Amino acid sequence: MSKSLPYSVKDVNYDNAKFRHRSPLKVLSQSMLTLSTKRNYASCSTGKFLILILIFGIGCLLFMSKGPNDSAPNEKGKVTFVGGLRLGKLLRKPPRLPPRLSPDEGQLRGNGSNTDPKWAVRQQSVKDAFDYAWSGYRKYAMGYDELMPISQRGVDGLGGLGATVVDALDTAMIMGHDNIVSEAGAWVEAHLLERISQKDQVNLFETTIRVLGGLLSAYHLSGGDQGTVNMTHNGPKPAVYLNVAKDLADRLLSAFSSSPTSVPYSDVILRDSTAHPAPGGMSSTAEVASVQLEFNYLSAVSGDPKYSTEAMKVLAHIKTLPKTEGLVPIYISPQSGEFVGENIRLGSRGDSYYEYLIKVWLQQGGKLNSNFTYLHDMYTEAMKGVRHLLVRKSVPNGLVFVGELPYGSKGEFSPKMDHLVCFLPGTLALGATKGLTKEKALAENLLSFEDLENLKLAEELGKACFEMYEVTATGLAPEIAYFHTGEYSEDGLEGGNKSSMYAKDIIIHQADRHNLLRPETVESLFVLYRITKDTKYRDQGWQIFEAFEKYTKVKTGGYTSLDDVTEVPPRRRDKMETFFLGETLKYLYLLFGDDSVIPLDKFVFNTEAHPLPIKHT
């Protein structure tokens, strides 16, 4: 008959949790419960030998635990054994060590959040800049569309709806600027409905992306839409934002109902809900095709499909029109419903058409077997067209840029690139991974060859956009740049920074040297960082922010546009665009922050940086 095993059932139960710390009381009780077994164990010769080893080990422990100061008088409150061994040393927990990561994994973890305190400090600097910009606006221009910081007055250039208030509102919510949320929200509640009912002409596109988009984002972020997000307890109830948004949208719908085709008119008279075409009769392709995110979301939260129905007719109609490898002219006629002219570009009047193709598809769930698949197909075809017809490399150093076809695909190529085109790196990256990190998308085998090509192009174009800043004397980009190619070159039009490697690659004409505080490059840096985790995008964003601080900050409050970025000190224009608060500072703040704030797989940003939730089914 075999002897009993040298452990009890209680020992087995404890062994299942062997990494848990045991208190001294637990040790003592465990010893008492297994005492008889240990006596049997000690009676054998092997057991006696092991006990001697144990005693020897304890002796070594006592000797080694004696510190150099143990001979000193016993301090008050310290309990010691003979020889100065402190009881606390025996009983204290060993420190918990973090898991060891490979160098690559460790770098990735470090890049993914604000573990480096410098990014928290830099994010706070952006928050302070927003507060400074708002304080100037509040002091000199509250209720006006925009601040003229040098003149210290306000101006209405967007219809008189207090566009800066609404554009800045969700930025303040995201940053946790509760006092600004209270001020802006109170103004919306007290004044905006009355303004809407009294104002004359506004532009459908600008009013939709800035005011309607801002109201809807504020509604969601303040706890509307079943409370999926609640970033603030300040300001009015979410229903206030939604009710104002519906009133505004009802009037904007006249742009669609007044048109004889699916293409809306560009201008709306808010006071009597009428609409008419722009002078010349044409609408911008980007403008008519960049109101769908906002109207779709309004239908979703209001329960009224009319907003989405009217807006989506535009994209469904454009689907039927002839294109050049997915690319389209920048003008379209509300009268005929056809494109006008042959000018193809991704800058002004063309840009956000391509942006909304992929974003509207993502907003509706991003499914390839849905009723919105045609949008993904149109986007995919268009990006192939961009790579084939519009992408070139500069000389002598090979910057990848996107040019224009002013006279269509059969005409001459122009190496001109608006700063507005710098939305494209972020859109390409977003379209490739659908908002996931590149690492996760690769691990889950979600990237096609086409996606990888677009992601590569996104990073190459992102470099060109940043170098448009780097080549200037101020470190701020011009409104438009031209690129030196084998077919095109001009001398004496550099940006002023002779130390830049790309000083000879980028040409800046005299008329294009202004900077309007635009957001497109920092928008793409934000998206590229979120997707690739490469900290160079954060570093580049910080460099741009520092240049804004150095050259555009006005001592009396606010920030101003510049007249010439190629000279120091730069001549100043007297205007702070609403998108500096609504977009530029928002994207910089998010770039330096944690990825969990407005995650890209749960939100899409409209073309004015107002985040709207993705529909998940």
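Glycine residues also receive a Cβ, built from the backbone N, Cα and C atoms like all the rest.
Just so it is clear, the model here is predicted, and its values are computed rather than measured.
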### Query
In TrEMBL, Cys422 is disulphide-linked to which residue out of Cys60, Cys465?
Cys465
### Query
Out of Glu206, Asp351, Glu479, Glu520, Thr607, the recorded positions in the record, which is closest to Cys422 (disulfide bond) when you go by Cα distance?
Glu520
### Task
State the Cα to Cα distance, in Å, between Glu206 (active site, proton donor) and Thr607 (Ca(2+) binding site), rounded to an integer.
10
### Task
Filter the recorded positions Asp351, Glu479, Glu520, Thr607 down to those whose C-alpha lies within 10 angstroms of the C-alpha of Cys465 (disulfide bond); answer none if the list is empty.
Glu520
### Summary
Other C-beta atoms within 10 angstroms of the C-beta of Glu520 (active site) total 24
### Residue among the active-site residues Glu206, Glu479 whose Cβ has the most other Cβ atoms within 10 Å
Glu479
